[in-house]
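S.K.: A single structure is presented below for examination.
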Amino acid sequence: AMSSSSTSSLEMEIFQYIDAHQNDFIKDLKEWVAVESDSVQPHLRKEVMRMMALAANRLAALGATVNLVNLGSQQLPDGQVLPVPSVILGELGKDPHKPTVCFYGHVDVQPAKKEDGWNTDPYTLTELDGVHLFIRNLYGRGATDNKGPVLAWINAVETVRALKLAMPVNFKFVIEGMEEAGSLGLEKLLEEENQSFFSDVDYIVISDNLWLSKSKPALTYGSRGSACFFVECGSKDLHSGTFGGIIHEPLLDLIALLDSLVDSTGHIQIPGIYDSVAALTEEEWKLYESIEFDLEEHRNNCGVKKFLYSTKEEILLHLWRYPSLSIHGIEGAFHEPGIKTVIPAKVIGKFSIRQVPHMDLSVVKKQVVEHLEGVFSKRNSPNKLKVSMPLGAKPWLADVNDLLYKAGRRAVKTVFGEDPDFICDGSTIPVARMFQTVTQKSVMMFPIGAADDGEHSQNEKISRHNYIEGTKLFAAFFLELSKLH
């Protein structure tokens, strides 16, 4: 639904070219999806290397200067040594009067096998009718995470080149092949290149997440951080017939500790934990009110009978805007089928807290330790207590009034005829945070995939509509950015 009044003849020319070449763009995606660039399984590492070469050639064909930065090798726990795929640093255009936008994407994928429950071969891009007949879906591993969006951006740049138009902006590219395996070596590379490759970058765009809705576009401006905790109790296994009833059992201590963390309404009971949570502003609340979100559908997808909250706003606020605490398991407890009358000696409870601005990791750790030590001391137990935080990742938050988001919003309006939802992600997106922290540039997450694309799961897809309109969206964004800058 193109609103012609707001669409310039330049945009029309670009959009017509994209429509006319959509089958070529889909053919390119098919070629990329066919490469089993799974960065998780060691035996497929050579396929990741092949994928990096393919992506580098595609950028070179655009006329970009391409530098493949070697990141050396990694040693696996079993001693096996694997090469780490090179990171692509590409650049196209160096006009000092134009803004420079750097695009980040990855071309490695999650593992996939047909027998995991795929209806089609995961590495053969297959076009099928969706549930709604007018939606055609492109099924394949990497279709939405992240080969489709990376190609959509490249297609958009290619369209500008093919039409011999003046370049609206300068382009830079950071494309990696280790995202699904923890982006090994990326942060160090960003730090090393900060004064050189990134010195003239004005904006960073990441398109590696999804809309909240199946049909309404979104811009993402934040994600929660994550702090993982281990709480350890006790020392050696004992028999319950010999000792049951006369000792302080470590597992009882641990269960009391874990039980003290959250109440039945989901409220975290650690004193002070909410103190630093940023106050909700009127402007923010308005963003939540206009979001398209189907509570029932979300509930059915989760397979739960009811949520802790009954309104859309409260659900989204508690998913994005407030911290949460989840308990993941207990190491050392007896968990096999059948009965074993053991008193487990040393048990480790594992839980994590998703933090939000402006919570400080070191303060959170201190609050958790003090709370658990307080609960433990009241039990007068002779067992040893040890609390540790093996992992901490900070939240990420962008300014929705930033120029980048204005350009994104206008591009969405041009291509989709409506304003986007401004959304956050309840999980942790390390790369957005990493780029913002290292480069200090403004970062926007600009998804083109729909809520039901199924990244990481069986039958991953991107619809033909989202892939092609997403290509138009990126092209429109280049024009908006050059106008606003």
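Positions of Cβ are set from backbone N, Cα and C atoms, glycine also.
Annotation comment: TrEMBL describes D108 as active site. The annotation active site, proton acceptor is assigned in TrEMBL to E179. Per TrEMBL, the feature Mn(2+) 2 binding site maps to H106, D145, D208. Residues annotated as Mn(2+) 1 binding site in TrEMBL: D145, E180, H456. According to TrEMBL, the domain 'Peptidase M20 dimerisation' annotation covers 221-375. Annotation source TrEMBL lists site 'Important for catalytic activity' at H239.
Quick one: where do these features end up spatially?
M.R.: The C-beta environment of D108 (active site), restricted to residues of the same chain at least 6 apart in sequence and closer than 8 Å, consists of S37, D38, S39, V48, M51, P85, E176, G177, M178, E179, E180, A181.
Long-range Cβ neighbours of H106 (Mn(2+) 2 binding site) (same chain, at least 6 residues apart, Cβ-Cβ under 8 Å): N146, V150, I175, E176, G177, M178, E179, E180, S183, D208.
E180 (Mn(2+) 1 binding site) is surrounded by 20 other CB atoms, counting those within 10 A of its CB over all protein chains shown.
Across the domain 'Peptidase M20 dimerisation' (221-375), the prediction's mean pLDDT works out to 94.
Around H239 (site 'Important for catalytic activity'), the C-beta neighbours below 8 angstroms that are at least 6 residues distant in the chain are T341, V342, I343.
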S.K.: Using Cβ-Cβ distances, find the residues under 8 Å from D145 (Mn(2+) 2 binding site) that belong to the same chain and are at least 6 apart in sequence, listing them in sequence order.
M.R.: V109, Q110, D208, G449, D453, E455, H456, E460
